[in-house]
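Chemist: When I checked TrEMBL for this same protein, it listed these features:
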DOMAIN    336-448  domain '1,3-beta-glucan synthase component FKS1-like'
TRANSMEM  491-510  transmembrane segment
TRANSMEM  530-549  transmembrane segment
TRANSMEM  561-581  transmembrane segment
TRANSMEM  593-616  transmembrane segment
TRANSMEM  658-679  transmembrane segment
TRANSMEM  723-747  transmembrane segment
TRANSMEM  1468-1490  transmembrane segment
TRANSMEM  1525-1543  transmembrane segment
TRANSMEM  1661-1678  transmembrane segment
TRANSMEM  1690-1710  transmembrane segment
TRANSMEM  1753-1773  transmembrane segment
TRANSMEM  1793-1814  transmembrane segment
Amino acid sequence: MSRAEELWERLVRAALRRERFGMGAIVQPVGGIAGYVPSSLANNRDIDAILRTADEIQDEDPNVSRILCEHAYSLAQNLDPNSEGRGVLQFKTGLMSVIKQKLAKREGGIIDRSQDIARLQEFYKLYREKNSVDKLREEEMKLRESGVFSSHLGELERKTLKRKKVFGTLRVLGMVLEQLIEEIPEELKRVIDSDAAMTEDLIAYNIIPLDAPTITNAIVSFAEVRAAVSALKYIRGLPELSGDFSIPKTRSADLLDFLHYVFGFQKDNVSNQREHIVLLLANEQSRLGIPEEPEPKLDEAAVQKVFLKSLENYIKWCNYLCIQPVWSNLDSVSKEKKLLFLSLYFLIWGEAANVRFLPECLCYIFHHMVREMDEILRQQIAQPANSCRSENGVSFLDQVITPLYEVVAAEAANNDNGRAPHSAWRNYDDFNEYFWSLHCFELSWPWRKRSSFFQKPKPRSQNPLKSGGGQCRGKTSFVEHRTFFHLYHSFHRLWIFLVMMFQGLTIIAFNDGRLNSKTLQEVLSLGPTFVVMKFIESILDILMMYGAYSTTRRLAVSRIFLRFVWFSVASVFISFLYVKALQEESKPNANSVVFRLYLIVIGIYAGIQFFISFLMRIPAFHHLTNRCDRWSLIRFIKWMRQERYYVGLGMYERTTDFIKYMVFWLIILSGKFAFAYFFQIKPLVKPTRTIVTTGDIEYSWHDFVSKNNHNALTVASLWAPVIAMYLLDIYLFYTVLSAVWGFLLGARDRLGEIRSLDAVQKLFEEFPAAFTKTLHPVRTSATSSSQVVEKNKFYAARFSPFWNEIVKNLREEDYLTNFEMELLFMPKNTGSLPLVQWPLFLLASKIFLAKDIAAESRDSQDELWERISRDDYMKYAVLECYHTLRFILTEILEAEGRMWVETIYEGIEASIETKRIHVAFQLNKLQLVISRITALLGVLNQAEKPEHEKGAVQAVQDLYDVVQHDVLAINMRDHSEQWINISKARTEGRLFAKLKWPRDLEMKTQVKRLYSLLTIKDSASNVPKNLEARRRLQFFTNSLFMDMPPARPVNEMLSFSVFTPYYSEIVLYSMNELLKKNEDGISILFYLQKIYPDEWKNFLARIGRDENAAETELYDSPTDILELRFWASYRGQTLARTVRGMMYYRKALMLQTYLERENSGDTEAALSRLETTDTRGFELSPEARARADLKFTYVVTCQIYGKQKEEQKPEAADIALLMQRNEALRVAFIDVVETLKDGKVHTEYYSKLVKADINGKDKEIYAIKLPGNPKLGEGKPENQNHAIVFTRGNAIQTIDMNQDNYFEEALKMRNLLEEFHHDHGIRAPTILGVREHVFTGSVSSLASFMSNQEGSFVTLGQRVLANPLKVRMHYGHPDVFDRVFHITRGGISKASRIINISEDIYAGFNSTLRQGNITHHEYIQVGKGRDVGLNQIALFEGKVAGGNGEQVLSRDVYRLGQLFDFFRMMSFYFTTVGYYFCTMLTVLTVYIFLYGRAYLALSGVGETMQVRAQITKNTALETALNTQFLFQIGIFSAVPMVLGFILEQGFLRAVVSFITMQLQLCTVFFTFSLGTRTHYFGRTILHGGARYQATGRGFVVRHIKFSENYRLYSRSHFVKGIVEDFRDWTNWLLYRGGIGVKGEESWEAWWDEELAHIRTLRGRIFETILSLRFFIFQYGIVYKLRVQGTNTSLMVYGLSWVVLAVLILLFKVFTFSQKISVNFQLLLRFIQGLSFLVAIAGLAAAVVFTNLSIPDIFASILAFVPTGWGILSIAAAWKPLVKKLGLWKSIRSIARLYDAGMGMLIFVPVAFLSWFPFVSTFQTRLMFNQAFSRGLEISLILAGNNPNTGI
């Protein structure tokens, strides 16, 4: 009974939630039940297909639809009778309701189910007949045989789609019949089998239908694909497969089938990798040449290249461990054996799941599996491998991957969701680095699971006061201890260098610049400094390795302790020698033996150090040192100097590159040290001497430390800011020089040459040649065309299709009007006109200007033509009109009419030759001719009708009359037989009796174009008007002249994938989201309409709507609503925008393939040139689509798409819509399948890939089972990792979902990919950096600041990092990776929890350490969105700063800091973690300066020194005490931005932009960002707490509450540095919260969140030490009070604490809990009143009877406020202890009081300013786009100035 009740409860709950179907229990869901089959049903593909067919045929035959639904129900019942699987019960219930609904709608009596099979058979036959199946097949075949590039492409596409749908339905009907009937009638069986043969291409496949040959996908006909497939076939010599191993009938067995059987790989993994390997081989073969024989064979070279590329890491691993690879001699390995090895490696990789992050572990697995395979190859019949065999069968996943996964998952679970110290658990790197030593072979094969490697950790202690964790195996090679000492440990060479230089410069300065023996002797003190700092480094080596000693190689541990001993002895010995030498030198008649010995020791040591550095760091000598490795001494010295890791070998660059970045840094260092000496150190020498020698200073407080030590604190307060600036200013010098260098590099690369429309127009005639040279190179076979037409026309003919497609896409994106599109279109230039026809926007109005010049001219013919030719496009317009008019009139006229035209033109040409054109023709009458020609063309532009023909004849006659009577001179008609015949024909009415109406496309185009030329009177110099369209065209045309590799033909280019991770962000805006209004009545749609008014008008024109019509009319059409949603989404940071942009790659490749066909050598090569440049229908060409699919793949990894589908989230429907609109789009996701077995829930995880099928539904392609939940580390890299197996190609471009792409930029992808084969240094590129354009800059001033800041870094900044510094990393997107290089080395990001929170940059670290090379290219750009609101920006800055804080602790940064040469190390430091450290140091410098001034002021020293300086006229001392040390350094950080503006916008626009930014208070914003970065960077290193921040990336059209701003900025800014809002803030502040209450709801919950990062004992101690600084204010101020007079005893300070205690007691009395005091309210109030009166009386008495004054009271408050905050900070750090003492509630009350006071301090001026209307207007104008501001103000007026009224 309980079981029935449980099921009933589940049923009711599901019905109430409607979580499956979204409708009532007896109503069919919208769109049918198909698509909602639960994953837990093992056979869900068949069930889903049956239900989809049922939906499709519902209207045709409801009875058959009901039969199919009932059969689907029976299948589900058989698969899960007890409905134990996740969602199965709801599915069955819904399906049953659908069946009942179908029964309810039936006509007639009781259903006779015995006739169901007969009905189904009959319907099968009727459906075939109705859809004319045989005819449909024949028609498609005829169209297909008519030619790939024929004019029937659209019809072929429709026929193919219809055939697929019909045969798909027949396939399902046949399958159901076979399942229902044991023996199908023979005739029907034959028909079903025949139909099934036509449905082979309906079997799910990704790109190549390998398991199901198809007639519709041209990719299988490509020779390189057939060669690759053939190469993988089963070869002789392989053991026979077992008979029970099934292989599809449509293909023969291959190598992967053998591996599948032997090792138990998953079927879908095998299918996935089969296609992957075929594509790799095919694309490699295509670069070598397409095999042309009937049975194409794969070249040995293609196999060899793919083999070596894929197994390069394995070969290096074997060499590092000094073990023999699985082959003894690579040259003797056959091609087939190489393919077998290659297939095995990729099958291992494809099923490795999270183990893919352990590349050397995969090498270990591969190494042993190949050895195991070699044993099996010796047998006659294949046997399953022992390592993968178990009681349940053969499974590679269960036996090899799962044990690894389980121990990794156990360690990940022990990290306490990222809160545990990194040192307490093993991350991915720890596991992988275990395989960097021969100890890994102790794991044996199969796995020895009792090994300590597989030891799972014990749970961690939950005691918050204990920092230790549970017992676990130690770390490997490195421990990420949370400490700032990592900065010194990783970059000790930099700090040693800076300290020694400071010491040397200070010594020289204190010796007044004299370089004598005394100075030299003091400078030699650098020796002890060096060895002591090296000794500190060796101590850090020992401390930092704590936690890894048990697992680290003994040799590495020995090295650490040897270095410690060496530097201990060296520091003691050298320091002793130097001190001894000084002592001897001070004696009279001293013997300098010790000093000489010291010089010898220092000289030898320095010489050896320099010599080793020279040999090991200078690239030219690197090979020399490697050759000396056979000498034990050299090897020992190198080992002692630097530990040898598997990564980081050969970290050197080409000598020329080394010299470049060395010179760069020598310039910086020269400027830095000159500035330090002359402006920082030398000016302080004299004041320091004065302060040191000054005595008898009277302190105004009780002094502890300043007596008898030469005023050390005063000297420290003077020098501390200088030292901080000394450490900081090197970054400022770097910023300035890198900006200048980047500016020069950009100018050299020709960036910014075309920065205006005027430049585009002036240089347009150079574009075709430049485009053809780089983007569309012409092969020699095409140069014969130049013999027929001019060279320029040849280039223009090839440029025009691409240019026109660019213009079309700009129009489709609504950046252009229809008229602008027509003006920008370029004619094909394939006709017979002897000139290049340019776009109309260049020629518009030029004819009228030329006519006016001719009419007014009194000059000779040559002078007239010279005036016209000054404007090239005016000349082109005149020539085009001349030749086009001749062409049109000659074509439409016959006989005498044509003779008249030819005679006129002969006369014109004759007069031109004699230079008498102005005499022979009345040029002032040209306006009459133009008007008659325009009239004629206007008629010819219309449809062919009798009345139009009459009008055309009349127009020609009018033209004849004007020419004859008004334009021609008399002598032109004398003595001409032709003129006599023409006149006779005119008289008889025969001259223009017959008119040939223009019918062919070219003729119509020329008529229309000439009409436009003669009617457009306005200049088109401002076309296009849209700023974004201008920017894109300017950049594209500019890039044509930049240095880029020439593109190879599409069939020879490198293949690539685009990869986008997605979680739950906006896919497509819904109408509810677009129309939802904020507090001011502003909706997103309204906002977009005002921000982009021209684009909104263009959109309305595109969908055929009047811009003045009511918006509600637009909402009546579902099609228009969908277009509106896409229009809005394309202007936000949505997945839809990203997908559209990335699919331009495929569109570009299809166009390029289509237009390259004349060079392909196939049967279509003989097509005319008119056809070859006709791009109509190129997107429907089967070959163009197949070629594009072979070269391009787009995978969006939507991690929770399966969950979104189950919950029917709108995001799932929108993603499905994107797949329907983009046939090449693939979506990968993690599917969670829950089943009940033995009463327990079993959860399985699958990595799935889907695409849209012909019905617009998801079609599952692959489903690869995972060993468990894939999210063990950071979400994004784990999301990428599970789906990367579905990517293809040689390269992979990582694209975030806030990015965009442009069609014109997609055309350059072929060029970019060629960079992989170009010379960029000593190593081939592994990551190609790509320029970004931040498209969110126009939204607001904050967005503009962020855009400019980001734009400066991604262009000028990265330009310098790549060249000359050679330290560019991967900073996110849209870089292009060498895919095979990275997937065999751990992937495109790292995923360990928290430490890899900035996952992208680790790809750059990993690539560099593994001998990669990262370049940067700026001739191609990708769009990028950035956060646009202040809160979004702050969250983003906090996330990045926290990520950099974690990088400081990472092993990657440590190794790069150790292994780079000195100059490259400095480049790396100051462009990664050093930038954030310098940022933090900037803020700390201000603090140091202020605390120093506070010390001088409160102690009285400053005043004394100031007086004495004035008495002694010591101006240097006075200046030093008043200097502010150049703290305003913001101007330096603006230099790169300004120079970037100048380069790409021009000087004037750059100045205007910079001034505008200053007026918009950008300096305040950058200072604000400085505080954000400092807070999160410092806090992360001290305490951790870095986390991913979801910024939203949406439009900021809502009012941000004050409480939200306070929560975000209180700790990072306010502490350091409206009615409705106030009510909201007070409610938040006073709400006490509780369990489950979030920080945005309650102050108490928020305060707990803010303290959550203080978790360890070490963190509590550090927080306590830092909080002690707040107590200095009370100590100083109490001695300044009048009440204490001149008393400086400690009693005064003690009494101040008594007063503070009394105040706290009073506070406690007044805040006593009302709940506790409920029984004695009267007494409590009496005590509170009495306390208040006593306090007031006591204060009054103190004022009257003592020296206490009113200012003293306020001063005391100022003293107690920081003290109280210090107490609060310390109490918060020791929260667990304070709770135990029972004081936590009191502390929390005081903290609430502080936040209330801080909030009021901020809120009052804001509230005051909000009373003035002009402030709001100023803010709106300042912060937002003017169009939006205008719209906003108008809308408020229309609303009656009521912001809450609907607009």
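Even glycines carry a Cβ here, placed using N, Cα and C.
Situate these features within the shown structure.
Modeler: Confidence over the domain '1,3-beta-glucan synthase component FKS1-like' (336-448), given as mean pLDDT on the 0 to 100 scale, stands at 92.
Here the transmembrane segment (491-510) has Cβ contacts under 8 Å with residues 519, 522-523, 525-526, 529-530, 533-534, 537, 540, 673, 676-677, 681-682, 685, 723, 726-727, 730, 1457, 1462, 1465-1466, 1469, 1474 of the same chain, all six or more residues outside its ends.
Listed as Cβ neighbours of the transmembrane segment (561-581) (distance under 8 Å, sequence separation of 6 or more from its ends, same chain) are residues 524-525, 527-528, 531-532, 534-535, 537-539, 541-542, 592, 594-595, 597-598, 601-602, 605, 640.
Listed as Cβ neighbours of the transmembrane segment (1661-1678) (distance under 8 Å, sequence separation of 6 or more from its ends, same chain) are residues 701, 1491, 1494-1495, 1497-1499, 1582-1583, 1654, 1684, 1692-1693, 1696, 1700, 1755-1756, 1758-1760, 1762-1763, 1765-1766, 1769-1770, 1772-1774.
Proximity of distant same-chain residues to the transmembrane segment (1753-1773), defined by a Cβ-Cβ separation under 8 Å and at least 6 residues beyond the stretch ends, is recorded for 1615, 1651, 1654, 1659-1660, 1663-1664, 1666-1671, 1673-1674, 1676-1678, 1680-1681, 1696, 1699-1700, 1703, 1739, 1743, 1783-1784, 1787, 1790-1791, 1794.
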Chemist: Below 8 Å between Cβ atoms, which of the listed ranges 530-549, 658-679, 1690-1710 makes the most pairs with the transmembrane segment (723-747)?
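Modeler: Out of the listed stretches, 658-679 contacts the transmembrane segment (723-747) most.
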Chemist: Kindly report the helix/strand/coil residue split of the domain '1,3-beta-glucan synthase component FKS1-like' (336-448) according to DSSP, in that order.
Modeler: 79 helix, 5 strand, 29 coil
